[in-house]
Amino acid sequence: MLWIKTYIVYKTSFNLKIENFMQELILFINPLSFLLFVFGISLFFKTEKSRNRYLLLTSLFLSFVLYANVAFYRFFTDFLTLPVLFQTSNFADLGDSAATEIHWFDFVYYIDVIFLFLLLKFRPKAMEIKPIKKANRRAYFLVAAAMLFLNIGLAETERPQLLTRTFDREMLVKNLGTYNYHLYDIFLQSKSSAQRAMADGSELVEIDNNISANFVKPSKKMFGKAEGKNLIVISLESLQSFVINNEVYGEEVTPFLNDFIKESFYFDEFYHQTGQGKTSDSEFLLENSLYPLNRGAVFFTHSGNKFDAMAEKLGKKGYFTSTMHANNKSFWNRDIMYEALGYDYFYSATDYDITPENSVGWGMKDIPFFEQSVDLMKTMQQPFYTKMITLTNHHPFKLDDEDKLIEEYDSKSGTLNRYFTTVRYMDEAVKHFIQKLKDEGLYENSIIVMYGDHYGISENHNEAMAQYLGKEVTPFVSAQLQRVPLIIHIPGVTNKGKGKTISKVSGQIDLKPTLLHLLGVNTKNNIQFGEDMFSSDHRDFVVFRDGSFVTRNYVYTANTCYSKETEEPVDDSYCEPFKEKARTELDYSDKIIYGDLLRFYDNEDYQKIGK
Ligand code: GP9
Ligand code: MN
């Protein structure tokens, strides 16, 4: 009964997008494995009375969990997570809103429990069963385990890396079921709580000393150059540098950006440093100048941490801070994480007018997204900082015919072939956006920063990529392909042809100090691993999340040291001096996140030990 009820609740009380038969099937079977296990425990009970009591209480408890999600969903269109329940600041809001979302007719959510209760009371005979043999019990649990593996197997084909990447709660619930999802959530939470509990402020001292010793002074010329201006950061989905100033069959892939670069600072040796958390990892880097994690998305695993984010700092400086992204707000746990980063507001799917006509693939198309965003921007208090996240240039790179502005490439990889067309569309969208900013009078008082969030073409497409590039994709070339464009436009500084290409080896970790310095905010005592990219002291060095790194002359990847000049392997000793630095940085950053060390930063005890 609970199984079928859960499925009915899925279909009636949550808004789960089901795209095909397989997804429907997974949804249908997903409560089963957990319920079989939990109710299976009753087979061990010696007396009928205790067994029945166990069944009834378990049904009641699980129905309550399901119902709590329903009530929460009514208000937040999201599923419960432990951090949400335990974040004290959420609690007051929660209580209030939960109360308004509870109705008398909600007893139907317990109808099976009521039925079970009545049955036990008035027809106990119907509940009698003979004691079960050991072998049968074993067979029962074998079936339950098989069910679990079937479920996980199907989910894995539908959503590869579901568990390691933990994309979205809706996806977890759709694929694993509410009950398993809660178990998984408890597991994630207890793991990070344990690591957090074991940490103390003393670890921060060494890290802090190391960071202070390596602090790079801001460029005198650029510090405060854009003070008081709005900051518009655009995360360009899956945009890699190889398409910039490049063509497909004689047509430019990014005609607008190619021009815009000439009116901006363009960093052509800038790398993404993301891991499994993809877009969210790039946001994490931008905001904190810390590395994301080796596995999983830090947005999910450590949203309860204390951070010292750019959004919060700018907020303190009087900026109105927001993110604009026309997607489900719980994707990458953004709604929760943005609170921790100190954003004032998150313009998500519900703030946009999204229709089937203006959507493709993952959701709202970039052109209408930008258009509606500028309208929202007009209502913002100035100066503002807003981060916009585009969506159309996302795998599988699908476009409606009318949006295809150039021809697809022709190789064995449909993904790469289509990629050029969606990049071209995104370029067009940015062009419209800039025009609209000008029309609305926002252009001249805003600095505009654009960066590619992470790669779009994975190594699975090396063969097609080699065909396009006209050379083999060696590990060296692969590392070079992790370059993403970074464009910084500062009105009055870079316009009218005064742009400049800067070829410093740098990465997303450098964004926070660079941008804060431009806006006149010092970062001297900050815990950060990035360096001001305009400073002449900035070191040519970038570490990838997997430990690979790039220096001015060398690339270290796949356990091999490559010379940038010859693109060939060279003696390991050339890379040796940087290995230690790469390892230490990643290690320190991980320690900060796992131990939630920034919570000690303002703390008096820390001040005593530390400074
Ligand atoms: C989803 C968007 C894409 O909201 O940010 O996520 P990705 O898969 O690129 O991380
Ligand atoms: Mn992305």
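Every residue gets a Cβ built from N, Cα and C, even glycine.
Those TrEMBL annotations? Automatic predictions, nothing curated.
When the candidates Glu237, Glu312, Glu407, Glu408 are compared with the Mn(2+) site entry in TrEMBL, which names Thr279, Asp453, His454, the shared residue is Glu237. His394 (substrate binding site) is 6 Å away from Glu237 (Mn(2+) binding site) when you measure Cα to Cα. Among the stretches 25-45, 102-119, 139-155, the one making the largest number of Cβ pairs under 8 Å with the transmembrane segment (54-76) is 102-119. Model confidence over the domain 'Sulfatase N-terminal' (229-521) is summarised by a mean pLDDT of 96.
Each residue contributes its Cα atom, and for Asp453 (Mn(2+) binding site) and His394 (substrate binding site) these two points are 11 Å apart.
Cβ proximity to the Mn(2+) site centre (mean Cβ of Glu237, Thr279, Asp453, His454, cutoff 8 Å) flags the following additional same-chain residues: Ser235, Leu236, Ser238, Leu239, His272, Thr274, Lys278, Ser282, Ile389, His394, Gly452. The list of residues near the transmembrane segment (25-45) in space but at least 6 beyond its ends in sequence, with Cβ under 8 angstroms from a Cβ of it, reads 2-3, 6-7, 10, 16, 18, 51, 54-55, 58, 62, 132, 137, 140-141, 143-145, 147-148, 150-151, 154-155, 158, 174-180, 183. Sequence-distant contacts (6 or more apart, same chain, Cβ under 8 Å) of Thr279 (Mn(2+) binding site) comprise Ser235, Glu237, Trp332, Ile389, Asp453, His454.
Shown in sequence order, Glu237, Ser238, Gly361, Trp362, Thr422, Gly456 are the residues of the chain, 6+ apart in sequence, with a C-beta less than 8 angstroms from the C-beta of His394 (substrate binding site).
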